[in-house]
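One structure is given here, and the rest of the page talks about it.
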Amino acid sequence: MATSMTKCQNCSKLANRCFYRLFSTSISQNAYANHTKESEKKTHFGFETVTEAEKEEKVYKVFRNVADKYDLMNDAMSGGIHRLWKDHFIRRMSPRPGTKLLDVAGGTGDIAFRFLNYVRSQSDFNSLTALQTSTEQGVDINEDENSQVSGRSRDCHVTVCDINQSMLEVGMNRATQSGITSGISWLKGNAECLPIEDNSFDVYTIAFGIRNCTHIDKVVEEAYRVLRPGGRFMCLEFSHVSNPLLRSVYDEYSFQVIPVLGQILAADWDSYQYLVESIRQFQNQEDFKRIIRTCGFRAVTYENLTFGVVAIHSGFKL
């Protein structure tokens, strides 16, 4: 009798183990199937239809290939005007000393360096103004007080996040060459799943990067998550020219000139062709504005620059 009960117990344990293995295998297979389905979803890479996994790989290769020529690429695509757009972008941000900025897809540091220079120039101007005012009023400011005012800019900080290590390395090298050693850090991360805690930054920027992301809504949702209450989302991106005549001229330049320049300047026709096509595939100003609002931002606006060749989109986490 005891032997029979022992056999029954062993059989029961064996059955439980078998069921657990089958159940676990089923879950694993379902998870793998779901992951496979996700990665096989179709999207666009320029005008080409590809799977989402293929797009991520192709975009990574594009920016790995153009990293060393990135500034040259922007000059070619914009006729050099991108520098003025970025300067205006920072002025629209109007950051103050103490601002914590997250710049996503900003590997080469263009926005980050402008941000630091702007805040520090504002701090220096405020220090000079305070010194002049005190002198006119006959009030002495000692060195400690003056250094405290001028040192506020050191509290500002920008974190540059990019998924592409090659782009980050270009930015870090530029920072070293420019003598920028404080107020900046570098982070490798995916804009759709940022390795950052909630409510961490005052401002989130992404310049000429969001159109290359597979899930734009996820990028904006992540921006909302990592911003503090009252924080601001700002995006500078190529957009849509509404004037038919200007659009015709712009299209002619984009498709007939930019890839040729890419081949001449960087021996890379395909990457520049993709970048031109990616602009045409990106949402127009009103559609992107709706995405930003849907993700939770309020007071959402956009400003067209150069007849809509690019646009600055802005929204607040309220």
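Glycine too: its Cβ is placed from the backbone N, Cα and C atoms.
Using a 10 Å radius centred on the Cβ of A191 (S-adenosyl-L-methionine binding site) and all shown protein chains, the other Cβ atoms total 23. For T108, D162, N190, A191, the entry in TrEMBL reads S-adenosyl-L-methionine binding site.
Comparing the binding-site residues T108, N190 on other C-beta atoms within 10 angstroms of each C-beta gives the minimum for N190. Non-local neighbourhood of D162 (S-adenosyl-L-methionine binding site): V104, A105, G106, G107, L168, G171, L187, K188, G189, each in the same chain, at least six residues away, with C-beta under 8 Å from its C-beta.
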